[in-house]
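Per TrEMBL, the feature substrate binding site maps to 12, 29, 40, 49, 53, 85, 89. As annotated by TrEMBL, domain 'Chorismate mutase' applies to 2-93. Annotation source TrEMBL lists domain 'Prephenate dehydratase' at 107-287. Taken from TrEMBL, the feature domain 'ACT' covers 301-378. TrEMBL lists 280 with the feature site 'Essential for prephenate dehydratase activity'.
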Ligand SMILES: C=C(O[C@@H]1C=C(C(=O)O)C=C[C@H]1O)C(=O)O
């Protein structure tokens, strides 16, 4: 067996030195991305350039081979690096486009307590925005909205849809009655685990604590557990808090492992969601709308109610098609107080400040009974540029 010439401590020192060099290089690359963004303002070029990304990835894969670094490894690392570069440029440009909303501290309301998925989404959203969070955990979605409305918070974070359990109706209903605007969105991976305060076995658990959503999202696994009681909490974090206080081997919370660690809980079983790909899309609401620079992709959300005549909704949707506007979501909710009347929520890819979208709004106004733009905001989902690997 070959004996290393260095001790483990010495080798680890070298690994740490390489890691800090990597960090310095990542920071330098980020800085260069900002320079690229400045140049794109001058040249009016869009932030995203898939052709450049493809060339860059292909060159990196070829260069990586010389170092015996395999292609999937290189591609996955550089997908993350490019995603960061695009999002850092978007954040920079949005700050310039909205100087009034660029505060160093943002007071953010979310369904608490600390550690909820809404809390994780809030952290995630502001991570590249050079903003410190003043956290305002709330007891309900209504309160999240109210404290932004009355000025105690600058932003509210609300979950709007999940890939397993679908739309979050309570949040849609809050949006019908608020004057707030949607100013951003973020997709958060949801990784549910069974979390306990003490070492125990799954067979010992006779009562679970969680929010109703995780019960739905993990229904198949939970059925396999048999006769286990399910207690409802206002959030996964509240469930974790309760389980931490009980310190019992017979109770468990369902929630995220990193949030569980905040409450001293350990995962007993991971990956319990019905779908492997379990994500929730969150929206950010604020008192004032934002402008989205036309160098980055934007989404617009409308609510509208149509006449109750045959084909009224189809007429509206044709407006999007005729203007080449892609619709990404259509949802309907009852209008409270008006039985059988529906309010439609529509998400489209498009910037409200564009001529095309102004025409769309004008045409829709003449076709609907009621229409309101809930917000126009940057799309922060950076889909990776794929290259052919041989
Ligand atoms: C940095 C740029 O912006 C984006 C990010 C890229 C990167 O990080 O390498 C490449 C192309 C663009 O999608 C650029 O245009 O060069």
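Cβ atoms here come from the backbone N, Cα and C positions, even for glycine.
Curation does not apply to TrEMBL; its annotations are automatic.
Looking at the residues that bind substrate per the record, 12, 29, 40, 49, 53, 85, 89, the two CA atoms farthest apart are separated by 42 Å. Rounded to a whole number, the distance between the Cα atoms of residue 280 (site 'Essential for prephenate dehydratase activity') and residue 29 (substrate binding site) is 30 Å. Of the listed binding-site residues, namely 29, 40, the sparsest Cβ surroundings within 10 Å are found at 29. Contact annotation for recorded positions (29, 49, 53, 85, 280) versus ligand 1: 49, 53, 85, each with CB under 6 Å from a ligand atom. Residue 85 (substrate binding site) is surrounded by 21 other CB atoms, counting those within 10 A of its CB over all protein chains shown. Between the C-alpha atoms of residue 89 (substrate binding site) and residue 280 (site 'Essential for prephenate dehydratase activity'), the distance comes to 24 Å. For residue 280 (site 'Essential for prephenate dehydratase activity') paired with residue 85 (substrate binding site), the C-alpha to C-alpha distance reads 23 Å. Counted within 10 Å of its Cβ, the other Cβ atoms near residue 280 (site 'Essential for prephenate dehydratase activity') come to 23, all protein chains included. A sphere of 10 angstroms centred on the C-beta of residue 89 (substrate binding site) encloses 23 other C-beta atoms.
Set side by side, the binding-site residues 49, 53 differ in how many other CB atoms lie within 10 angstroms of their CB, and the most is found at 53.
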